[in-house]
Amino acid sequence: MDSNENIMPEAKGLNFVEEIVNNDLKDGKNGGRLNTRFPPEPNGYLHIGHAKAICMDFGIAEKFGGTCNLRFDDTNPVKEDVEYVDSIREDIKWLGFDWGDREYYASDYFPQLFELAVRLIKEGKAYVDDQTSEQIASQKGTPTQPGTESPYRSRSVEENLDLFMRMNAGEFEEGSRVLRAKIDMANSNMHFRDPIMYRIIKTPHHRTGTTWKVYPMYDFAHGQSDYFEGVTHSICTLEFVPHRPLYEYFVKELADETYCPRQIEFNRLNLTYTVMSKRKLLQLVKEGLVAGWDDPRMPTISGLRRRGFTPRSIRNFIDAIGYTKYEALNSISLLEHAVRDDLNKISTRGMAVINPVKVVITNYPEGQTEMVEMENNPEDTESGVHQMPFSREIYIERDDFMENPPKKFFRLAPDGEVRLKGAYIVKCTGVKKDADGNIEEIYCTYDPDTRSGLPGASRKVKGTLHWVSAPTAVNATARIYDRLFCVENPAAETERDFREMLNPDSLKVAEGIKVEPYLAEISSPGVPLQFQRIGYFTLDKDSTPGNLIFNRTIALKDSWEKINK
Ligand code: ATP
Ligand code: MG
């Protein structure tokens, strides 16, 4: 019998990373431990690509009874900030994962990393190079041509030690010297051509202040941090494949046969109609092209949350696309499908009119109000009902009325009948226009026998409209969001500035929308609502009691699908 109950009985249905983990556990590697980590650099907000990594790192630990560390990869004080640390914590929790007390920082390991660097210098495996980064880059060679050795490569151990200590004491300018690993300038793997281990940075660090003047490069920090933390499986994205030999090279300086972390790579999440590079997202924020990292058009977790996406929809989408070893471009329609699917199950239905025109029901008593019953969610039998007022004056959508309708227009038109959802059948008897011919009011009569529960309730008409009673309607604003870019793969259009490809219609603001009182009352950021026939909405954080602002999470149907056909 297997002593380790975390081992999956059969590897069927496991993705390739899970299979590797399953086999390692079966073989008793690392004492049968599983410890992963999610290692964000706190230099921006997390995006949905990170969510894919989070679902892998935390998900696999959950599945096999291991642990997952949150490690802030804070090795570059120039770009990093506590604002980002806080947002990263919040976003991971919102997605439904918990790192408990396993919160670590690469900066916690600066002393050990420095010590290792000193040891490598002493063993003749590292040297201080006085050249500029441009000079070093020019000596790198190409994949088919060997690089050139630095003139400083054969410095004595004593001189290297002295210079490295003085680099860290702040004696030298930024960019004037670096510490390099002495490996092989002719290696076919370019990352082995004497990679930089440390550079001088004088900007204070958000955690360690001015203690350090030298900071480790990613390749010198990551594997060792994994080792110091006891990470067994360091799962990352495919661009790190060529870094893996270097990861192993440095880890070997620490590890032995009883414990050695290993790196495994999977394909990145790339989404159509958006960009995923933190640099570009930062640029959109800095240049005011969006309203911040959590702008609901951004692919950031905080943006998607503000927009009304749910953690479950994001996780379901990530499950659906899966993990492979090949780069791909994932369709945003698939994400939107997952969002609609989840919101359909959980959102409270109600009525809101986005572009209102008033309807006066001339045979309904003035001053009278009656309540009609509305189902909260037909997909959820336990969600109950709520009451909605009906009165002589109501609002309907302006484009649900046509004075001269084409054939097959089943909404309201002169002499035509429609059902007001949940209430009566009404018939249009006339309109009032302003001096320019715009319709100001529509006049109708209602058939009092057609309300639910009355004999005429089953009378059939072709169209059913949503509506809101005028005297009690809550005025609000709707922000109608659409895709951020108008080209499918902005990152592929390398000839064009990505900002030129922004969708000019990605945000439309509709003021003076009319919302039924119940919806306004239950609304709060993150509470999912369905404005019937319009789409899914949630309250925005910019809302105030006097000015409710609703974000459209997504339309009921995918309108882009039609356009692309
Ligand atoms: P940068 O663009 O600054 O290199 P990054 O997007 O790689 O940043 P990190 O903070 O270094 O951001 O990423 C943390 C983790 O998230 C890494 O393990 C990385 O592989 C993973 N990750 C980042 N982007 C994606 C993506 N699009 N799909 C899947 N995983 C991703
Ligand atoms: Mg990165």
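Positions of Cβ are set from backbone N, Cα and C atoms, glycine also.
The feature ATP binding site is assigned by TrEMBL to 41-43, 47-53, Thr237, 268-269, 276-278. Long-range neighbours of Ile48 (ATP binding site) (same chain, six or more residues apart, CB within less than 8 Å of its CB): Leu269, Leu271, Met276, Pro299, Thr300, Ile301, Leu304, Ile314, Leu335. Secondary structure from DSSP puts Ile48 (ATP binding site) in a helix.
The annotation L-glutamine binding site is assigned in TrEMBL to Asp73, Tyr218. In three-state terms derived from DSSP, Asp73 (L-glutamine binding site) belongs to neither a helical nor a strand segment and is classed as coil.
Residues annotated as domain 'Glutamyl/glutaminyl-tRNA synthetase class Ib catalytic' in TrEMBL: 34-344.
Taken from TrEMBL, the feature domain 'Glutamyl/glutaminyl-tRNA synthetase class Ib anti-codon binding' covers 348-447.
As a summary of secondary structure, the domain 'tRNA synthetases class I (E and Q) anti-codon binding' (464-540) carries 13 helix, 31 strand, 33 coil according to DSSP. The domain 'tRNA synthetases class I (E and Q) anti-codon binding' annotation in TrEMBL covers 464-540.
Sequence annotations record features per position, and here TrEMBL assigns motif ''HIGH' region' to 40-50.
Averaged across the motif ''KMSKS' region' (275-279), pLDDT for the predicted model comes to 95. Sequence annotations record features per position, and here TrEMBL assigns motif ''KMSKS' region' to 275-279.
Across the domain 'Glutamyl/glutaminyl-tRNA synthetase class Ib anti-codon binding' (348-447), the DSSP tally of helix, strand and coil residues reads 3 helix, 54 strand, 43 coil. For the pair formed by Asp73 (L-glutamine binding site) and Glu41 (ATP binding site), distance between Cα atoms is given as 5 Å, rounded to the nearest Å.
Checking the binding-site residues His50, Lys52, Tyr218, Thr237 for a CB within less than 6 Å of any atom of ligand 1 leaves His50, Lys52, Thr237, listed in sequence order. In terms of DSSP helix, strand and coil, the motif ''KMSKS' region' (275-279) has 2 helix, 0 strand, 3 coil. The Cβ of Glu41 (ATP binding site) has Phe72, Asp73, Asp74, Thr75, Asn76, Lys79, Glu80 as same-chain neighbours under 8 Å, each 6 or more residues away in sequence. If you take the Cα of Ser277 (ATP binding site) and the Cα of Tyr218 (L-glutamine binding site), they are about 18 angstrom apart, rounded to a whole number. Cβ neighbours within 10 Å of Thr237 (ATP binding site), excluding its own Cβ and spanning all shown chains: 16.
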